[in-house]
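The annotation domain 'Potassium channel inwardly rectifying transmembrane' is assigned in TrEMBL to 5-144. Residues annotated as domain 'Inward rectifier potassium channel C-terminal' in TrEMBL: 151-263. Positions annotated as transmembrane segment by TrEMBL: 39-62, 116-139.
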Amino acid sequence: RQRYVEKDGRCNVQHGNVRETYRYLTDIFTTLVDLKWRFSLLIFILAYALTWLFFGLIWWVIAYSRGDLEHLGDHSWTPCVNNLNGFVSAFLFSIETETTIGYGHRVITDTCPEGIVLLLLQAILGSMVNAFMVGCMFVKISQPNKRAETLVFSSHAVVSLRDDRLCLMFRVGDLRDSHIVEASIRAKLIQSKQTQEGEFIPLDQTDLSVGFETGDDRLFLVSPLIISHEIDERSPFWDVSRGQLERDDFEIVVILEGMVEAT
């Protein structure tokens, strides 16, 4: 049976017929974070490589236009960048400048105002690229997908009597020693529905109460806990028999939210 939400928490929904794709570029940071790892790493490498190549080309153009490449052996000539003898050395100088390596072999002189301006621009743009790309990688690494691997739900949900009340119950536990702070849980019933006016809603969402009124939905998840939904007059399962429950096509999505104590 095709699921709406997979067991690993991934929503099994594909977006189609999206016409205003430019909206993804207006929020480029989130778009990069949402990309798959292979594309994120490719963009990470290209961002630095293209920046180094771009500024390396400009450094070479400055040296070529000033005639520095024609006076390589002339010690009386003061070039814009010492020991810059071609595009490869200009590319290496661009890398050294942006990464602040500073080997000392190639160095800019004070007789080149255009080189000083370019040095300032590359330093500023390099800092912006570093902040953007490193921040993007940090957010992508700190996503809670892997942390959720140590959150374990029971394989089956059961309907049984508890305190003489019919309840839908399942269990959740955390395998790690670091606690989840401000943990809260909620449940959604995903089911097709037809309104009284005849409108068909294919994926209607209905809240299943798991203790919101009493505060039981806020968990102290130190040991495994049993989450209970009481089937009363307000429950969507109130008029559903056991046989109908087995035949109906629906899905219950449980959402556990919280902050990791360690981070």
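Backbone N, Cα and C define each Cβ position, glycine as well.
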Intrachain neighbours beyond the transmembrane segment (39-62), with Cβ under 8 angstroms and 6 or more residues off its ends: 32-33, 80-81, 84, 86-87, 90-95, 97-98, 112, 114-115, 118, 122, 125-126, 129, 132-133, 136-137, 140
Quick test of the contact rule: Cβ under 8 Å, at least six residues beyond the ends. What residues does that give for the transmembrane segment (116-139)? 29, 32-33, 40, 44, 47-48, 51, 55, 58-59, 62, 94, 97-99, 108, 110
Of the residues in the domain 'Inward rectifier potassium channel C-terminal' (151-263), how many are helix, strand and coil by DSSP? 6 helix, 61 strand, 46 coil
For the domain 'Inward rectifier potassium channel C-terminal' (151-263), report the average pLDDT of the model, please. 90
Counts by DSSP class (helix H/G/I, strand E/B, coil) across the domain 'Potassium channel inwardly rectifying transmembrane' (5-144): 86 helix, 4 strand, 50 coil
